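In case it helps, TrEMBL gives these features for our protein:
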| type | residues | note |
| --- | --- | --- |
| DOMAIN | 14-81 | domain 'NLE' |
| REPEAT | 148-196 | repeat 'WD' |
| REPEAT | 206-238 | repeat 'WD' |
| REPEAT | 272-312 | repeat 'WD' |
| REPEAT | 358-400 | repeat 'WD' |
């Protein structure tokens, strides 16, 4: 019986052709071959590597993922075909792509306290915010070039203000939000060579919230920022243009002498009112629309010109994080006080129900972020200490990054192929060579 069973198992083979959009040296011969139907992703990856290394002595094995009819295979080939009702009688076309998973972990960059915020939208540097009240600019792992000094409370959120890549010689502008109820705007030269850390002070201090500021985001034009706060309000601020606020002098010590460092203090240009609890996250993906998430269980889209919300989604959980991206830059991803990452498509009628739900985390979700150049990929971070990479074409995470040994509080993409994350272990971690595209 055992022998017959082995023969029967060996006889279960399927004719396949491996195809790809990848360029050489990742193109396998287009001929069809017969393979065992019980192979999983790892077995399929082994076959493709064998096809690719033919005649190449220096070939290094590469992990691959596989798609059939546009859906990622996350079970054995036989189970997938049965589940999808796909016939194994004809030649099966299987597309392979490079696996979306980090291939390298950089040395952690240590902070003095919790790393609560990170922005990787500029390819030249990573911006972090810390519970020690400082912002930091990192050009690489372990290489801090600037300290942003001035907040009197923990930094809760940071953002790079456009231009995302400043012209050579032009100052880069970044914004920070804090538990001290203020936001601050900073200028620095991202290209300036420096052998030691440069300490800089904000050129503009934004006053107006009467509680901790939880989130800050810049509009695409780079001339405005918005903020969300525990005071339940969203405030809009001028980031550039003429400085019309009150100028105050802040003394700073330089080379044992005291100088007057002028700073502009400004109030909000306008406020958006509607949330009834803490506004935990704001994003500003289009100049005319701001999205916000709140502990009042709602996600709102605001018409900037009218100052009113044009979309109001209800979730039965407190919402900690929000991002807009994916197909048509229109999908709303959010996470909160349970382990489920939810995604809505507001273009569809009956939008109140999420179109995707991912539930591999084991604790609250602190961050979610779409990949800027992919309509399928996004990341999430959680208090379970993990960062997960997702593809909308499968319900399972593509990769689980567990470089932190405490809660992960923030995460972002950097340079399109790295993941940067910060946590309660006081570390900035960089996971690189992810190969999303």
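Residue 1 is the first one shown; counting continues down the chain.
Positions of Cβ are set from backbone N, Cα and C atoms, glycine also.
Automated prediction, rather than curation, is the source of TrEMBL annotations.
From a predicted model like this one, the values you see are computed outputs, not experimental measurements.
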Mind tallying the repeat 'WD' (272-312) by DSSP state, helix then strand then coil?
0 helix, 27 strand, 14 coil
Please average pLDDT over the domain 'NLE' (14-81) for the predicted structure.
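Within the domain 'NLE' (14-81), the model's average pLDDT equals 93.
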So if I exclude everything within five residues of the ends of the repeat 'WD' (358-400), which remaining residues of that chain have a CB under 8 angstroms from its CBs? That is, six or more out.
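Apart from its flanks, the repeat 'WD' (358-400) reaches 65, 67, 70-72, 74, 99-102, 121, 320-328, 331, 333-341, 343, 406-413, 416, 419, 421, 423, 431, 434, 436-437.
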